[in-house]
Amino acid sequence: MATETLELKTPQLADTVAVTEKDTETKKKDEVEKDEAMEEKGEEIDGEKVKSPVTPVSERPIRERKRTGRYVIDTPPRSSGNKPLSITQGRGTRLKEIPNVAYKLSKRKPDDNLFLLHTILYGKKAKAQMLKKNIGQFSGFVWSEQEEEKQRAKAKEKLDKCIKEKLIDFCDVLDIPVNKSTVKKEELAVRVLEFLVCPKATRDILLADSEKETKKRKKSTSKNVTSGESSHVPAKRRRQAKKQEQPTETEGNGESDVGSEGTNDSNGEDDVAPEEENNKSEDTETEDEKDKAKEKTKSTDKKRLSKRTKKEKPAAEEEKSIKGSAKSSRKSFRQVDKSTTSSSKKQKVDKDDSSKEKGKTQTSKPQAKGSKDQGQSRKKGKKEPTRKELHVVVTKILKEVDFNTATLSDILRKLGSHFGIDLMHRKAEVKDIITDAINEMSDDDDEKEEDTEDEGEKEGKD
């Protein structure tokens, strides 16, 4: 049975095997033909044959290379915006023919307000180069009779959209007289529109001529001022030097008064004779130093005049020389003040017994000066303090103040602030009061030391 079935099936198997072999052979032939065709074929790029690389069939399928297509935009022709603007003659005069408007336009630079004005006038934007030229050629809106109302309404809307400051700027450029503080925005828009419909000169005064006149006046005044300053400079500097000398002279006079009072008080005492000699020597020294300072200032003034005439040195060097001379004179007078105050303090500290008698005799002298002080106080409307009041306040100030840093001017300021009166004219009297107060304070300290020593001795005895 098995042999019979095999014999029956063999013709069918043979038929199927033959069909499969034919299919494989046809496939191989087709692939070989394709490979040969691809090798022979070439892609033409720019007139040249380019053979694509051949890869074996077993690895990957073959792909045809595609040609790159570039996307190019056709540029349209340039718009007509670069064409010159056609300006037709309006109802009024051209803005460049109105002198004030032309003058203001010449002073202005292209800015946002001018660009906005150009768009309102012509409905188009303009380049910065042609901006002022186009505005100057404007002579009024050109509207047809049929569309006049519509065009006027459009122009009014454009002006209403602008800020008040811009409308004021338009009025300034177009020389429209306006009260900036009280005018309203609506009124500004109406005035600008009326002017632009028919531009005309608003006033007869020419701004260019008025500004030229003002410039001429300024130049003439500046020349006069410079000439006046050049002629009066030495006189001014002399005045300044004199002013600097005045306070030093007053200080010297105060010191001389102190010296004279000291001499009058010491007539009845034999011990005070050397004080008089010292005070006289101090006065002579101060006078000599004043004379030297005056001679220095005079010499500096002569040098300045000679330098001005010859024009050898600049003004800066002159000012330096003035400042140097003034500073030197101030330093010299300050040194004199310090030396006099220190010497007077030492002399009066050594002579404690005579200080009490001086206090009695000096009370009579301020009464003579009191008449002058009362005259000044009557003019000012305030009563000046007496010597006793000054003495009390000075002692309080001296207890609070450091002797190393405090000066006479500081004490005078504190006294003035306390009494509400300027006491610079009583400088010499205040100086005497200060010395008396210092002596009293030193006496009190000595008495305290003696009391403490006595108490210590008593305790030691006990």
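Residue numbers in this text run from 1 along the chain shown.
From the backbone N, Cα and C atoms, a Cβ is placed for every residue, glycine too.
Features of the protein shown, as given by Swiss-Prot:
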REGION    18-91  region 'Disordered'
COMPBIAS  20-32  compositional bias 'Basic and acidic residues'
COMPBIAS  33-46  compositional bias 'Acidic residues'
COMPBIAS  77-91  compositional bias 'Polar residues'
REGION    212-390  region 'Disordered'
COMPBIAS  267-276  compositional bias 'Acidic residues'
COMPBIAS  277-303  compositional bias 'Basic and acidic residues'
COMPBIAS  312-322  compositional bias 'Basic and acidic residues'
MOTIF     344-351  motif 'Nuclear localization signal'
COMPBIAS  347-360  compositional bias 'Basic and acidic residues'
DOMAIN    384-439  domain 'DEK-C'
DNA_BIND  402-416  DNA-binding region
DNA_BIND  431-435  DNA-binding region
REGION    438-462  region 'Disordered'
COMPBIAS  441-462  compositional bias 'Acidic residues'
Secondary structure composition of the compositional bias 'Basic and acidic residues' (20-32) [DSSP: H/G/I, E/B, coil]: 13 helix, 0 strand, 0 coil
Tally of DSSP helical, extended and coil residues in the DNA-binding region (402-416): 9 helix, 0 strand, 6 coil
Composition by DSSP (helix, strand, coil) of residues within the DNA-binding region (431-435): 5 helix, 0 strand, 0 coil
